[in-house]
Amino acid sequence: MSKLKEKREKAVVGIERASKEEAIELARVQIEKAFGKGSLIKMGESPVGQGIKSMSSGSIVLDEALGIGGYPRGRIIEIFGPESSGKTTLTLQAIAEVQKEGGIAAFIDAEHALDPVYAKALGVNVAELWLSQPDTGEQALEIAEHLIRSGGVDLIVVDSVAALTPKLEIDGEMGDSQIGLQARLMSKALRKITGILSKSNTCIMFINQIRMRIGVMFGNPETTTGGNALKFYSSLRLEVRKIEQVTRSGSSDDVIGNKIRVKIVKNKVAPPFRKVELIIYFGKGISREAGILDAAIKHNLIQKTGSWYSLGDNKLGQGRESVIEYLSKEVELANNLDKRLRKIIFNNFDQENDNFIEFKEDESE
């Protein structure tokens, strides 16, 4: 009797489910008539359910920390930090990577301060980069909206939120009080952008600055400009800070770059709060080779014994700087290491059964 009862209960559940699916299908037809085809679909039928596409940051250690192999497409990203901490360099490096893959990028220069010579040194094809230098914050955000709606742009960078000045403020007198204008502008614009962004493969990055809150006695007095809307709508928030200067080997005065720390304070596509350290060389950008070396040590492709670094039975060099310099000269080896690391990190690659890397002897020895 218990088996018969169980069968009857299953049959009733099946009938109920079938009737529910019929009801949902009727509702779906009505919704599509009112709002268009695709207004209501199962997640398995949608690109949303197929995983998030990404674009490389230009650094393998940052790509790993981001959790999906780079910056997510179809999302809003905020990169913030103190002045001269490497924020613009991160975005220009991302533009260079997008262009290498045949993508299209746009730079909305609200600060009117983009240096094409520096951008070119970082690998940006400045001849193919779309540039806008808007007069007002409204103009900048409307241009961004049009670019997203076009569906032809892979990456948009807005530099910076602090420079998105509302038209009312520009037209007003210097001493006029314009409380909350920029915050309201950002809130309205992001509400519009978020909806259309999710239907595209466009990634939009906002560079933001840090301000000090007056009268804060306890806790962190730092905040970002433009109100709270950007914090809310961003899928990814990166805090960038300079931690020390990088000097040439054997000299304490010859500064050749900065070491920065990138902390992922918000991540809606992977686990947050990861930290990575990157080296930015003046006039060259993020050191790809330093990132490859750090990742290779972490994943046991390169072994460190004392001050010596080795790949299998072959010694690469003594001292971190010398190995980074060696990898910068041995481009093929660096590329092979990068490819193998990406397989290990992002595809659960079995490193024991792969002979991908071919070691090239240093002819100078």
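Including glycine, each Cβ sits where the backbone N, Cα and C put it.
The ATP binding site annotation in Swiss-Prot covers GLY81, PRO82, GLU83, SER84, SER85, GLY86, LYS87, THR88, and the record cites sequence analysis as its basis. For the recorded site, LYS87 (ATP binding site), the DSSP three-state label reads helix.
Cβ neighbour count for PRO82 (ATP binding site) (all protein chains, 10 Å cutoff from its Cβ): 14.
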